[in-house]
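According to TrEMBL:
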BINDING   A:Asp102, A:Leu103, A:Thr104, A:Arg132, A:Gln146, A:Asp150, A:Arg296, A:Tyr300, A:Tyr301  L-histidine binding site
DOMAIN    A:1-400  domain 'Aminoacyl-transfer RNA synthetases class-II family profile'
Amino acid sequence: MAQKPSIPKGTRDFSPIEVAKRSYIMNTIRTQFQHYGFQPIETPSFEKSSTLMGKYGEEGDRLIFKILNSGDYLSKVKDDAFAKANSNALTPQISEKALRYDLTVPFARYVVQHRNDIVLPFKRSQMQLVWRADNPQNNRYREFCQCDADVVGSDSLWQEVEFVQLYDAVFTALKLEGVTIKMNNRKILSGIAEVIGASDKLIDFTVALDKLDKIGKEKVIAEMLSKGISEEAIKTVDPLFTISGSFGDQLATLKGLLATSETGMQGIEELVFINEAIESLGLESATLQLDVTLARGLNYYTGAIFEVAAPEAVKMGSIGGGGRYADLTGIFGLKDVSGVGISFGLDRIYNTIEQLDLFPEEAIEGIKVLFINFGKEEALYAMKAIKQLRSNGITAVLYPDAAKMKKQMTYANRREIPFVILAGGEEMENKTFALKDMVAGEQETVTLDALIERLK
RNA sequence: GUGAUUGUAGCUCAGUUGGUUAGAGCGCCUGAUUGUGGUUCAGGAGGUCGCCGGUUCGAGACCGGUCUUUCACCCCA
């Protein structure tokens, strides 16, 4: 047992059933992406370090998996880097490539690199693995799949409206009811910071505010104080800690609070537009909610912020998120191209659907019928029938060996194959098949045509 | 990256203050039953106790390191 092989921390193997269920979710998302006009692209699993480093904040660089250079990489290192034993100085000299950390930055790189071939506004979808050298936790892995849809080259708020609809469409198609799409706007957060005279502490302020429902008002205030935000300022925004009501009600409260902030009022106008559009268009199964405490996400969100919460019955973090970045491609030298996008958290959606037992049977269907192997002649007779079944779209297999009956039947049981065919001398003579229903235990003798009809 | 936590058969877990040959249930294999599985009965296989080292006459148990699990922080899907 000791020598049993294993996989690295934070990675997973997927069994056939798990792959089938994941495919079901991914296919559902893919279909909706397509309906909304997003074109799938793929990018390499690793990028040049210079593309990724420094794009995710100082914490982010630590979480990027670096790839060691090929060859005798140490021979090129300058002596003083060794002498100082400084990892930060040494790393760029021995590693020039790194595994992709998310899909957004590679997409920004893609847009800039292929700017002459892309027709703006460009709607792209991407479903690929990303890697983070984080410590694994519940529903957090070091290798996981992101399902992203983004638009670049359009400032229109209709994009935001469409993303709300897209979330709704996907979760409706997955029969996942009761999902809450939470929205906020970076401009509102900026406005609040402006009003309380703490614009320079915007990030500290929002990071603390984001924890409100997790650690409570008292601790949020304590954290704000510790970051140097004045008691007076916190009192000014006291309504934020208890704000409630409908999307419109909350906007009204905010209007009073942010009246003196141009940026803040702009954020409110944007949310009013989106809310009115969605109210008029309607949602199938999800609910749109304003959440002013929502600050999650990367520092580069400049407008809309999205986060999706699973139905309340399941204890699960967010199952999706996204937002708008006014200058997505600026980091790669292409100015004034706005991007807005959302992401679906595949693993968390999987676990939510699993907990609610919402995977449809068709999604995990395996072998439909097993032919018992009685010997060479009988196997050939079976294979001819199997060929016909398969060409009719039925998953059929022959047990490969003429093993004991019990062994073959047990195989059918363990693989949860619903039907078994017994075809021996008598059936071959009459050109028939004995079809056994493994669940009901009943058996009947049928012709090939009838067999195809029964199993279709 | 910081601080805790977990690891004994395929799975879920027992295992006394360190003391012979480490157990149970389920699962698996074989047979009762050579064209009929899921039930029943009988029998059987399977573990250098995560790994490496240390203390000891003696370690699954104690100590150190390492890997892994889970969790909190950071951050995030």
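Residue numbers in this text run from 1 along the chain shown.
For all residues, glycine too, the Cβ spot is worked out from N, Cα and C.
Among A:Asp102, A:Leu103, A:Thr104, A:Arg132, A:Gln146, A:Asp150, A:Arg296, A:Tyr300, A:Tyr301, the residues given in the record as binding L-histidine, the maximal Cα to Cα distance rounds to 21 Å. Long-range neighbours of A:Tyr301 (L-histidine binding site) (same chain, six or more residues apart, CB within less than 8 Å of its CB): A:Arg186, A:Gly323, A:Arg324, A:Tyr325. Here A:Asp102 (L-histidine binding site) comes close to A:Tyr56, A:Val130, A:Gln146: these same-chain residues lie at least six apart in sequence, with C-beta atoms under 8 angstroms from its C-beta. Over all protein chains present, the Cβ of A:Arg296 (L-histidine binding site) has 19 other Cβ atoms lying within 10 Å. Once Cβ contacts within 10 Å are tallied over all protein chains shown, the binding-site residues A:Thr104, A:Gln146 are led by A:Thr104.
A:Tyr301 (L-histidine binding site) falls outside any helix or strand according to DSSP and counts as coil.
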